[in-house]
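Sequence annotations record features per position, and here TrEMBL assigns active site, GMP-histidine intermediate to A:His470. Here TrEMBL flags A:Asp170, A:His241 as Mn(2+) 1 binding site. According to TrEMBL, the GMP binding site annotation covers A:Asn240, A:His241, A:Phe242, A:Ala243, A:Glu244, A:His371, A:Asn372, A:His470, A:Gly471, A:Ala472, A:Gly473. What TrEMBL records for A:His271, A:His371 is Mn(2+) 2 binding site. TrEMBL lists A:392-407 with the feature compositional bias 'Polar residues'. Per TrEMBL, region 'Disordered' is recorded for A:380-407.
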Amino acid sequence: MPATRVTIALNARQSQKAPLLISASATADPAAANSIRGLVFKTAQSKLRLKKPARVYVSPAGQELLTEEDWKKNIKLDVTLLISAGEDYVGVKKEDNTHEDANVTCPVEILASKAPIESLSVTQLTTTAHTLPGIVHAVGQPDLHPGTKFPIGAVFASRNWIHPPLIGSDIGCGMAWYKTILPRSQVDGNKGKKVAEKLRGLEGAWRTRAYREAWLENDDGSCSVGEQWDSALGTIGAGNHFAEIQVVEESCPTKDGRQGLYEDGVILLVHSGSRGYGGSILKKYTTDSHTSFEESSHEAIEYMKEHDKACQWAQANRDLIALRFLACLEPGNEDWQLGSSDTDGTGEVDAAMIERAKGTLQQRKVVDIWHNNVERVRWPPSPLSSMKEEVASSSPTAEGTDSFTPNDMHQQEYLYVHRKGAAPTYDPHTQQPLDLLPLPGSRGTPTLILKPTFSASMSWGLKNALSLAHGAGRAMSQAKALSSLSQKYKGQNILEPRPADAGGTWVICDEKDLVFEEAPDAYKDVEAVGQDLVDAGVASIVGRCRARVSYKVRNEAR
DNA sequence: ATGTAC
């Protein structure tokens, strides 16, 4: 006997609905243990978030299902059941996809001219901006590309509404740069291969549960989220995540001299997120039909708490990945000893060792940003305090635009800036502009060092929604890259530099699909993406780095 | 992206 597919919806709000398969083994008798009624109520609780389902009506007839006969007669393919918390049948409302808080005139900006933009991603950007409740500004960065439903490389600022799907499952994903003390002579050319060989023992869990929990302690307490997810702490993950040893090939110190990257320096770029935890949060709080929360709702508050925890966890994860890499790269440094597996043998957590490693790591850290998160910000952006000087000296013509002056501060409100693959232009903690941030290419292609711009002409960050591109952006879907690039490079090893290319990258990737899915050809030209940011007046390119060793995944058994 | 969901 096949299962029967029906739709259940809230009687009070019929736009909120969910599909339900009723197996043939469920019985019509509402009093039975395996009743259809029980199944419907359970689904209404989990998918429609109706705490106490009480009555069921058939739509559009409005008949209430009470007796076994009622259930038997009415459970048929594609019927819609309206679930009530006790209230009477409210009748059929006209199907209306537009939310009353949707903003059909929401401005949508795409900061690209040189970088190719697929039309599907523009449709996704515009549709999202115009249909989700509360969106007041949407920006497509030059790395914009289509996602399953929502675009990647996009920023959405909303009033009152929080939309977890716009951040996605990898909450807290981002990038951090750390300095190493290696001279470039140790990573250039064929030396890169030797360095790649040293990168071992990085797959799988790091040390013990007790060590992981100790690593997750921070100033605000603990960001441990339970062993189920904590066990992945210190691992890079799959997809576009990586850790990369790079050489700074050009670098222009910024005028305040705080530039943290020096020419010929060897640095480590870590791109990873919250592993399984972020996805579990998205799943826990959203259903197919319930994806947006008003800021004061209980769900929004609980979601934000877990979101913030995932961001902390992801940051601790990047730090631990860096520690594990540094233990391989600088074996003489005792501060990194903690990064390797526990060879002391005692198994006891050495708190002093953790403190020392964290301290030294923070000294090495140049920048760490989240590019998948939601942040509450004052809007419209005002000249940040460090920018006062430039405000004072800005020309009177610029004042005539929609730019903001400190006098207008009281007109600001708080909005939620949702970033899905978009880097912030400032440090959310200090509220100061970032000196630099990475715009990674892919493997052999350069990573640009960006410096965000703040000026009256881009309305102090309104134009780019206080954000920049987070990478080159996909030019091909994973499926397309896999099929076309595995053909193109058939019989070739694209994980080593070509013999003529001394400046190339040694790639560690023991997953054969990933080799092609993440090949440079699958991405846009990072120089075009960077130039679009410059042309839009939102960033300058202050330097370039090149990867020497790019670590994706290693099969240790090999 | 992911201790995926079907």
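Note that Cβ sites are derived from N, Cα and C of the backbone, with glycine treated the same way.
Structure coloured by features recorded in TrEMBL.
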residue	record	Cβ within 10 Å
A:Asp170	Mn(2+) 1 binding site	27
A:Asn240	GMP binding site	21
A:His241	Mn(2+) 1 binding site	21
A:Phe242	GMP binding site	26
A:Glu244	GMP binding site	26
A:His271	Mn(2+) 2 binding site	23
A:His371	Mn(2+) 2 binding site	26
A:Asn372	GMP binding site	26
A:His470	active site, GMP-histidine intermediate	29
A:Gly471	GMP binding site	26
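Annotation note: A:His271 (Mn(2+) 2 binding site) sits in a strand segment as assigned by DSSP. The local packing around A:Gly473 (GMP binding site), expressed as other Cβ atoms within 10 Å of its Cβ over all shown chains, amounts to 26. For the GMP site, whose annotated binding residues are A:Asn240, A:His241, A:Phe242, A:Ala243, A:Glu244, A:His371, A:Asn372, A:His470, A:Gly471, A:Ala472, A:Gly473, the maximal Cα to Cα separation is 20 Å. Under the DSSP three-state reduction, A:Glu244 (GMP binding site) is assigned to strand. Here the candidates are the recorded positions A:His271, A:His371, A:His470, and by Cα distance the one nearest A:Glu244 (GMP binding site) turns out to be A:His271. For the pair formed by A:Gly471 (GMP binding site) and A:His271 (Mn(2+) 2 binding site), distance between Cα atoms is given as 11 Å, rounded to the nearest Å. Within 10 Å of A:Asp170 (Mn(2+) 1 binding site), as judged by C-alpha distances, the recorded positions found are A:Asn372; the full candidate list was A:Asn240, A:Phe242, A:His271, A:Asn372, A:His470, A:Gly473. Here the candidates are the recorded positions A:Asn240, A:His241, A:Phe242, A:His470, A:Gly473, and by Cα distance the one nearest A:His371 (Mn(2+) 2 binding site) turns out to be A:His470. Distance noted between the C-alpha atoms of A:Gly473 (GMP binding site) and A:His241 (Mn(2+) 1 binding site) is 13 Å.
A 10 Å radius around the C-alpha of A:His241 (Mn(2+) 1 binding site) takes in these recorded positions out of A:His271, A:Asn372, A:His470, in sequence order: A:His271. According to DSSP, A:Asp170 (Mn(2+) 1 binding site) sits in a coil region rather than a helix or strand. Cα of A:Asn240 (GMP binding site) to Cα of A:His470 (active site, GMP-histidine intermediate): a distance of 12 Å.
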